[in-house]
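The transmembrane segment annotation in TrEMBL covers B:6-25, B:68-87, B:93-113, B:134-152, B:164-183. For B:240-270, B:315-346, the entry in TrEMBL reads domain '4Fe-4S ferredoxin-type'.
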Amino acid sequence: MRPEPSKTAPLEITVLVSVGRHPLTGRGRRADQDARGVELARALPAPEVRLLHAGALDGGSEAALRGYLGMGFDALTLLEQPEGADVLPALADALSEASPQLVITGERAEQGEGSGLLPYLLAEWLGWPVVNGLAEVEDVQDGVATLLQALPRGQRRRLKVRLPAIVTVDGAAPAPRQSAYGPARRGTLEAVPGPVSLDGDWESWQVQPARKRPKRLKIVKAASARDRFKAAAAKAEGGGGQVLTDVTPEQGAEAILKLLKEEGVLR
Amino acid sequence: MLDTLLPILIFAALAVAVIGAGRRVRLWRQGRPARVALLQGLAAMPRRYLVDLHHVVGRDKVMSNTHVATAGGFVAAAVLMILVHGLGLAEGVLGWLLLAASGCMFVGSLFVARRRRNPPARLSRGPWMRLPKSLMAFSLGVFAVTLPSVGLLPEGFLEGSGGWLLALVLAAVVTWGLGEMVFGMTWGGPMKHAFAGALHLAFHRRPERFGGGRSTGLKALDLDDPEAPLGVEKPADFTWNQLLGFDACVQCGRCEAMCPAFAAGQPLNPKKLIQDMVVGMAGGSDAAYAGSPYPGKPVGEHQGSPHGPIVARDGKALVDAETLWSCTTCRACVEECPMMIEHVDAIVDMRRFLTLEHGNTPNKGAEVLDNLIATDNPGGFDPGARMHWAADLELPLMADRGAAEVLLWLGDGAYDMRNQRTLRALVKVLRAAGVDFAVLGNEERDSGDVARRLGDEATFQSLAKRNIATLARYRFARIVTCDPHSFHVLGNEYGELGGDYEVRHHSTYIAELFEAGRLHFKPWKGGGVTYHDPCYLGRYNGEYEAPRNVLKALGIEVAEMERSGFRSRCCGGGGGAPITDIPGERRIPDMRMNDVRETGAELVAVGCPQCTAMLEGVVDGGAEVRDIAELVADALAEAPQATGGGATQTQRPQAVEVV
Amino acid sequence: MSEIQRRDPRKEWIARNRLHPQHLEVLAELGQGAASEWMGPSGLVRKNPHAVGFTGPHGIKRIDRSGVQQGAGGGVGSATTGAERKPLVEIDEPAFLVAVVPDMTGGRLSGHDRDLLGLARQLADADPRAPGAVLAVVFGAHKEEGFADAGIDRLVQLEAPELEGYAPEARLGALVAVEEAWAPRHWLVPDSKLGGADLGRRLAARLGERPATGVWQLEADAEARGEDGSGWRCTARGAAGTLDIQRPLPRVALALAECAEPVSETRHAAERLTLPQALPAQLSRIEDLGQVAVDPAGVALSEAEFILSAGNGVRDWDGFHRAARVLGATEGASRVAVDDGFMPRDRQVGATGTWVTARVYVAVGISGAIQHLQGIQPCEKVVAINMDPGCDMIKRADLAVIGDSAQVLEALVALVERQREEKRHAA
């Protein structure tokens, strides 16, 4: 099924997977970017893809982790960590022991602090290069990987990185394959003990559900109150359901162009 | 000479047929075990054949009579032939009876031959084209060899050199006839349908369907047993009586003629699918198939074996995945099948494997299933926003009330802006009739219909079990819903998981309310109206009358479409078909709106959110699409002679009376 | 800020008291009071007895019923707008530095960068007795002329070939050199996909600091003074934007757009600094092969910012594709256009296709089936070009042009091309 690499030595990939959280319901699931990472790894001519997760195992997280197994894996290595632990030392230990050539992970977690710092800290710890925001791994040859990095607005940048390396996956990477129930049910979670260090800082912070950010007011620095009043009272230009009937195509086009320019989408 | 030859021929044919039967049975027994009441089934078989099956066959009177003449004649002739020629009991009336039977069969075979002269496209050709000749050979041969036995021809007629020749010719003809009719019955000729069909009727997987019953709910997978297979991967994964059912197919193509996906040029033909299963069961290629292919897929490129995959992960096997995903689960094929084969069960069984083991639900299927898992609705909407559409309606919540006469099941249409209009109308109608109802509100989840039809039995059962647990907390007399899919699942499929409810489609309930005098309508002023039967209301639940009664109560005379009632054409919205979205040459809803146009109606009444969405999505459809609830709500009028405080009367006291 | 304005509480009180005999005199003296009367748009003189909202110096909207319109400072009608009149603030001996690493998209400060500089100013100016200075670290050549107006006191411009393009490791080395040279009290980096998010995290990891990421609010907080003495508490988004984490502001912070108001009322020195020693040479393990040409038509619909979407009313498909190309828009389609085979399925917009979040959505010949309108709900601006003025899309649209879509698109294409031509000539 997966084409065997012709000349290169077998490529060992570890994908770090986390327990995601659905944005609306908060239910545990495959983390979107991590799942894309797994998909990226599967698309490579890699004979060995290993899934690695560090965290606690409970009802919610098990279902999510089995979600990764459902993408066609027999096993997932689980570094058991209590709730609120700093998983970095355990992951770094496990990675330096297994020494894969490529570590793939999502940009940031969907739960907890979600700072997106882990790949950088791991890279710093292991002394490996780290590349962020991948859309595709194009090729791996002679210890060098050719990558496509996702930029905003669908743009892409091609990079080469020397392996071993850590790469993070952007939401623009190919969507993960469906997680099938059968393999998810059959797969095993291989628990491996690891060093545990508690995250004291996190305990001391106040955490609450995100508040809606206030929308920035358009501050009008006008000379007179009248101008400010007009600015405050006037409808947004071009908006408010303006309907142009009986106009020439040119007039219509001008109105549209004006709106496009105001919104800054025209380059 | 014939006197010695015929018994040998007859008993040799019978012996070979018995060997063939053994082989055939071995093929079926490759399937998984199924719990079937064997003796009861065999005992019920004649009745099932003569009543239930002929009820379906009888929809085509000519063919029905042809079949009665041919099959009846054959069965009688075969039995008598064994007695007369095999055992030499030619005396008296038996020989005459045999003459009559074979004559009757011959007349029947003439009609079969006429049918085969210019066969419609739905009929398979190939070996089936020689069937009338074989029938004639058998009937004529038996007729001819019986003539001397009854003394119509002199005993010595077949003696002498000319007679010898004639006898040889006759023997050859009889051999041909016997070969087709007896040998072919168990070794795989067209007559196989008689043998397999009879046993299929006896061991049918849905015995409830016979005797006027109805059984349409899919059967649950056992998910608690980790060893139990998840759906059907290879032909041998079907239960043995499913395999037997496939073997019963007569290739009459009535399913093909009814299948909306086939008509739309999507790569599905129910007849070919069943034949492919037969090919898989025996092993080999589909090259010998002589009927219409799957649209766009040439015959001869697929092959399979009993223990090989039906659908390959890559490349080709027995069937392509898109064939299975084209089905709208409308059950038109099952309804039409004279052999009562269960196509939809087989398709969903195979889909289950694709989804649960391959993880390969096409197009938006995976996304929809993920949404169902994460948000309990296929659109991925916030479960807390389920009641936003009714913010101003102050719907009573079950959580506050604890009990109500009617539990109004809203369905996922609560998120759809079009269906919200229907729901509003329905609420208005219920209030006008003073019905004591309540909704589950945010506690409601998707019924699991889509998940199940897409093969995700695990998600279906998870949703169903949670819904059942929610429903168990409240007291209500019945569930009313405007979504036939929820109706079907709640009413017919939750039972297996421990939820038994009395469920009503809103059209049924409105008809009841009207009959009870709780609704009053203004006369209808609009134009011509036709009615589209939703598959999950009609074929799945047999409710064809109530919607028409409601329309009649509104003063509407329905201009029926050519395909209506149990032959209603699907809108294309069932079985997750809009989600898997297999391309065809046409779109199913377009064809349906054409049907509507042919009636000249300005408005098509429907009773299903899916149908509404599909039919309304047709560009330049011509007719307006309205749900029955909307029509009723628009026509609501005050009670004609409201006495005193009429308004309060319709609100309170009646609600109490009914409980 | 630098002008010292004295308040006269008595005059303010008279100005507020409309019954005071000296009210009008005082108002006139304060140079205010006329704004309650003006010529309305239709030529009528309108009176507004309430002086309707204005924005105070801290960006908070105020309603002042005193008749004294602007600035309770009641002083000289100081209309200090115009760049040349902005006061110049110079901090010669900064008590500390706040380093900012702007993204400099397209060689200019982005809006996000300016917000961040505003945040940096909050940190720097908190204590007027010991003002800090804002240090901006800029890589490579730039086209920005407004560093001073953006609130930058010191500017380090690092130019080297190895810093060009995507060179996170070299840039990190440079930032470490800045750290060694000046040891800023805070490092502020935009938490943006344009590079800041990456570079900021690298920096934090290298400096061994635990950064605050996704910061969107900053408050002075005496309690947070702690042993580090940052004295600030920040609110940061966590868990994919679903949590607010309140914590003391660490040394390195990655902040979101609109985390603070950009600097607008003062000018700053933007004095150039140079690193005391040359950048350390290092082996780069990441090689940038440059940006890949991406066809806007190939951009995923859900990612697209600007969508030109075609429906049943489009007849001239070549014209439509051309318009999308010229405008640089991503193509979308209604279900009908997809069903009819004019557009591929992955281009379908709507509840049954893709839910789009474009900033501008131009619907060409789409009547607006309800499922389609659901799918474009999150779009900010909707433009409709349609023949039928009664269709639902027109009701949803912010701007609707009734007419033949092919002609309007053609005119639009011509207009855009002409303007581009003129620009090219002007430049």
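Cβ coordinates come from backbone N, Cα and C, glycine included.
All annotation found in TrEMBL is predicted automatically rather than curated by experts.
With a cut-off of 8 Å between Cβ atoms, the residues of this chain six or more beyond the domain '4Fe-4S ferredoxin-type' (B:315-346) that come close are 52-53, 56-57, 193, 197, 200-201, 204-206, 209, 216, 218-219, 232, 235, 238, 242, 245-246, 248-250, 252, 254-261, 266-268, 270, 273-274, 276-277, 279-280, 286, 294, 297, 301-304, 308-309, 354, 360-362, 365, 453, 535, 539-540, 566-570, 572-577, 580, 582, 584, 588. Same-chain residues lying 6 or more positions outside the transmembrane segment (B:93-113) and placing a CB less than 8 Å from one of its CB atoms are 62, 65-74, 76-77, 80-81, 83-84, 131-133, 135-136, 138-140, 142-143, 146-147, 149-150. Secondary structure of the domain '4Fe-4S ferredoxin-type' (B:240-270), assigned with DSSP and counted as helix (H, G, I), strand (E, B) and coil, comes to 18 helix, 0 strand, 13 coil. Long-range contacts of the transmembrane segment (B:134-152) within its own chain (CB-CB distance under 8 A, at least 6 residues past either end) are made by residues 2, 6, 70, 73-74, 77, 81, 84-85, 90, 95-96, 98-99, 102-103, 105-106, 108-110, 112-113, 158, 170, 173-174, 176-181, 184.
Over the domain '4Fe-4S ferredoxin-type' (B:315-346) the predicted model carries a mean pLDDT of 94. Below 8 angstroms of C-beta separation, residues 6-7, 10-11, 14, 54, 94-95, 97-98, 101-109, 111-112, 135, 138-139, 142, 145-146, 149, 181-182, 194 of the same chain, each at least six residues beyond the ends of the transmembrane segment (B:68-87), sit close to that stretch. Across the domain '4Fe-4S ferredoxin-type' (B:315-346), the DSSP tally of helix, strand and coil residues reads 14 helix, 0 strand, 18 coil.
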